[in-house]
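Notes to accompany the following structure.
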Amino acid sequence: MGTTTMGVKLDDATRERIKSAATRIDRTPHWLIKQAIFSYLEQLENSDTLPELPALLSGAANESDEAPTPAEEPHQPFLDFAEQILPQSVSRAAITAAYRRPETEAVSMLLEQARLPQPVAEQAHKLAYQLADKLRNQKNASGRAGMVQGLLQEFSLSSQEGVALMCLAEALLRIPDKATRDALIRDKISNGNWQSHIGRSPSLFVNAATWGLLFTGKLVSTHNEASLSRSLNRIIGKSGEPLIRKGVDMAMRLMGEQFVTGETIAEALANARKLEEKGFRYSYDMLGEAALTAADAQAYMVSYQQAIHAIGKASNGRGIYEGPGISIKLSALHPRYSRAQYDRVMEELYPRLKSLTLLARQYDIGINIDAEESDRLEISLDLLEKLCFEPELAGWNGIGFVIQAYQKRCPLVIDYLIDLATRSRRRLMIRLVKGAYWDSEIKRAQMDGLEGYPVYTRKVYTDVSYLACAKKLLAVPNLIYPQFATHNAHTLAAIYQLAGQNYYPGQYEFQCLHGMGEPLYEQVTGKVADGKLNRPCRIYAPVGTHETLLAYLVRRLLENGANTSFVNRIADTSLPLDELVADPVTAVEKLAQQEGQTGLPHPKIPLPRDLYGHGRDNSAGLDLANEHRLASLSSALLNSALQKWQALPMLEQPVAAGEMSPVINPAEPKDIVGYVREATPREVEQALESAVNNAPIWFATPPAERAAILHRAAVLMESQMQQLIGILVREAGKTFSNAIAEVREAVDFLHYYAGQVRDDFANETHRPLGPVVCISPWNFPLAIFTGQIAAALAAGNSVLAKPAEQTPLIAAQGIAILLEAGVPPGVVQLLPGRGETVGAQLTGDDRVRGVMFTGSTEVATLLQRNIASRLDAQGRPIPLIAETGGMNAMIVDSSALTEQVVVDVLASAFDSAGQRCSALRVLCLQDEIADHTLKMLRGAMAECRMGNPGRLTTDIGPVIDSEAKANIERHIQTMRSKGRPVFQAVRENSEDAREWQSGTFVAPTLIELDDFAELQKEVFGPVLHVVRYNRNQLPELIEQINASGYGLTLGVHTRIDETIAQVTGSAHVGNLYVNRNMVGAVVGVQPFGGEGLSGTGPKAGGPLYLYRLLANRPESALAVTLARQDAKYPVDAQLKAALTQPLNALREWAANRPELQALCTQYGELAQAGTQRLLPGPTGERNTWTLLPRERVLCIADDEQDALTQLAAVLAVGSQVLWPDDALHRQLVKALPSAVSERIQLAKAENITAQPFDAVIFHGDSDQLRALCEAVAARDGTIVSVQGFARGESNILLERLYIERSLSVNTAAAGGNASLMTIG
């Protein structure tokens, strides 16, 4: 959309008045001026007289209308953002205000509007009962429709078999290779209890299908992939496997055909004639996913154009009401249809919409703009507004728009549409639907921490909303042609009665979905003389190939299979019809009586804030599609940019400013964000003294009080979110969505660790380490910085924080918040500076009792070597908690949905300009789908916008500095010179291109490799490597990933559970993600941290982390923490039983050693290895946290009792033991039972540290321990933790012997959230 700058001269007094007024309403002066112009114009356009203005300045008439020639102005941060804020009319502002209105408020307002007058209510109930009775008792539909309906009712989504059918339907038809298709069929069918369905259905087809599935299931359930082919051939001859594949394929296609009118528009028009003769009308929908590339959007545009020509010719002049129409999805017409890309939508999508509408007008067929996700509603209204005022469309009433009754904004949208119809002098076609994205709306609000849901959480509230909205639509027949889309007999009957008996053609119509609503509407469409209601019904008819059908089909399966749907309940003969056709207003009032309040949300759907239960708040997010939130953010950002940000050393006593260095915005060198001064050696020394002196004071503070201070810090941080976003965007180059996520993560850390110490810690028993150094990275300069400090403070330690050199300003704000919350100044101190100076002085000091570090593997290794020779007062090694990088891979097989893969790859590889430890570095694509996936991925990359993150439109910001840019570009050039195909793409834009020259930008890059092993080290930036693999070589691929030595994150996209189990079971990786992106781990939901070269553990935001920051604690402490968590969520301890069998053998052997036997029992009870826990999280996601044994533990002792103590501890967790090959240990191995000795490996004592092991337990004196620590730290590769004890001690920390694995599965990946849809 083109823009023009118009200048106006104002005196200082007026300018100040504008500024003051804008500040008062939390808006920018720029917004206020724009809004004033907009409101005045609206008033002028809506009335014949000119609204009177207050007296203007006398000199106003002499002012020039021309804009003054702009002078070269200094860079003003966030001015672009402010200019992207849209003014709103009163009716549009009311829509935005109702976006996430509390349900109690929204439902209370609707009830009276929805209530039917008593006589109408009685008539509606009577008619609904008749319709439902006929529907239930009519002969089962014959042919394909009856077969499919029978299948769907028998296999509901609450059964494992129903979900299996849904997964099959979603994926089977798109898989190109037979091997993967067979694997999917085997996977979904082999575990089902098909036998329980035999004979339950009256339909012969369902019973035949069940026998077939049972037969198939029995064939495959006892065989794994390798032996399946042989077994099948043995049982049913050589044609067996193709026979099963063909049978299931046919069943899936049958289901597909039930819901699709035709594969082409010509076929669909031909198939429609039969029902058109019965009085039905049609609106055709061209199937497909939302466009991700320009090519996709162009293909959909052509498809729509061809369809309009075909429908128009078939309509043959019948007009918009009597003839067929078309429905279009705006997300199909543009790859970036979102609020953030507003200008592109208006400049590129709108002309396509206009062109299609003009084509529809040419044939006089109705064109409906389909409703989509809630964050697209208001931009779709802007497009509609523009369309309604096109001169070429004046006087034509074929423009249609779809509204969703489940949205709280719906009644206000109707008010706006009525106003729009009035202003544009036309009658609009408005289709009222209940809404098809309910489960994903719930999930998104929970994940984003928004203040509420845009939709109702109870179906009955949507039914009430539908009636209230229907009454509004029927009230203005001259302005609105209502189209009521419903399959619910009561809703249908209520509208029939409300609309009155004197129906006239063109008054209104009903609508239903092809393949779902015809049995109901055959009673409605037709003459009264034939016992029908003589009301028109238009069938919403999808058109497309079986491959394009998938996403649509799954939505239909979800709707039909959900036990709350009318279509599902009508078939359930145990449900009384009176209950089925109950008035929703009455149902809501009954609920209110039971619950004591009207409109309470569904008890099983907590508000986003309460997602984790009452013990911990979910951090609040910020909705970047909400115009009011954007305006408020814009005001705060402009204010933030005026602040003079500084980062000085923050010690117990204030320090002098001294000579400062500028902190430069990496996207814009002209923007000086603030100033920093490095801590001097003297200041570092002072800080160390203060940390030592204040440590006892802070430790003496009760845990509940420490927790309260951290909670206060979280609240303060959340209240300052907008200001913090401003610094993160300018100092760290974060986009707005990234900056919001960063503040939220910091808040989550504060809440999480505070909750743990409040509930589980006591000062008498949980003793801290002492002064702890926290060295944080620039890529998460607030989240990781706060997480480290919050954990150390929660555990009772004093903290010396050294932020990254590039990002000291946001760190200073973080410390200021902690101090304001009540942390004493000497307990937490900030020491800005370089690692080589400030970092080295801090970590090299003997008074430091622990080091927390996030950064490169190389620096972590140096730190470990630096502290290896130091022991604390108790003679224990100084702990290093290091979280380092990874060579993170994503494995994609041919059953994955390409569109989903591409969206997740873009987020995982290029979000934050690839500057996340967790970012995707190597994409592994199965051969059969590699070309197709890469084509779409390249197209999607070309749609990304790279530029200054201070604009809402930016997807990819800068890399952190010129050194990072040079390193990344060097790698890309090296790959080019090796002949590797390199693809770089980003959306070309002259404004962005100017910034690319001055800022430190690297375009998203795709590099194809021959082999995974070609990549030798992590490339920290927006560079994605691609390797192809053969399906049969998946085990070798996983071995290659493990061989890299890194183990931070790994993604897998597949619909096959066997593949998921194979990958997650054999990959040595800390955080695993299935069918979702692999970045953005959430505190307490996906505890984060790697293994091998990727980190030491424990995982940040997990239950073990705080225990690493204690010097002493009860041996049962961790068990207490886990038991509290286990009270809410089940524990799977199947693996534990298998792991502890050698321990049981040792316990029996120790019958004459009561002390050892007691230790075996104690360790066995406390051991948690082999346990898996479900963690809280958003709906549509399953998050588990598993504790596994470390592979091999080096145990060193010179006393038999200590050696056996170590052995008992290691066997309790299920690890192998590495012993020195000396007389003591050889003798023990001979004496031990074979079940135990099998777990022990001996190695020569002189080079034992050269052997592979991943943990160490030592008993002996401090000099020996020091030497051992130094020898272990000197090794290359993984940093290994050493536990050191005096002879005779038995308090071995079992959690140091665990590997933690987080697994996050997107359970809604197959197209919808079955468990949420069935909660009632």
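Placed from the backbone N, Cα and C atoms, the Cβ positions cover glycine too.
Going by Swiss-Prot, these are the annotated features:
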ACT_SITE  Glu883  active site
ACT_SITE  Cys917  active site
REGION    228-574  region 'Proline dehydrogenase'
REGION    653-1119  region 'Aldehyde dehydrogenase'
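Its own atom aside, the Cβ of Glu883 (active site) has 26 Cβ atoms within 10 angstroms in the protein chains shown.
Cys917 (active site) is surrounded by 28 other CB atoms, counting those within 10 A of its CB over all protein chains shown. Reduced to three states, the DSSP call for Glu883 (active site) is strand.
Across the fold, the C-alpha of Cys917 (active site) and the C-alpha of Glu883 (active site) stand 9 Å from each other. Mapped onto three states, the DSSP output places Cys917 (active site) in coil.
If you take every residue in the region 'Aldehyde dehydrogenase' (653-1119) and average the pLDDT, you get 97.
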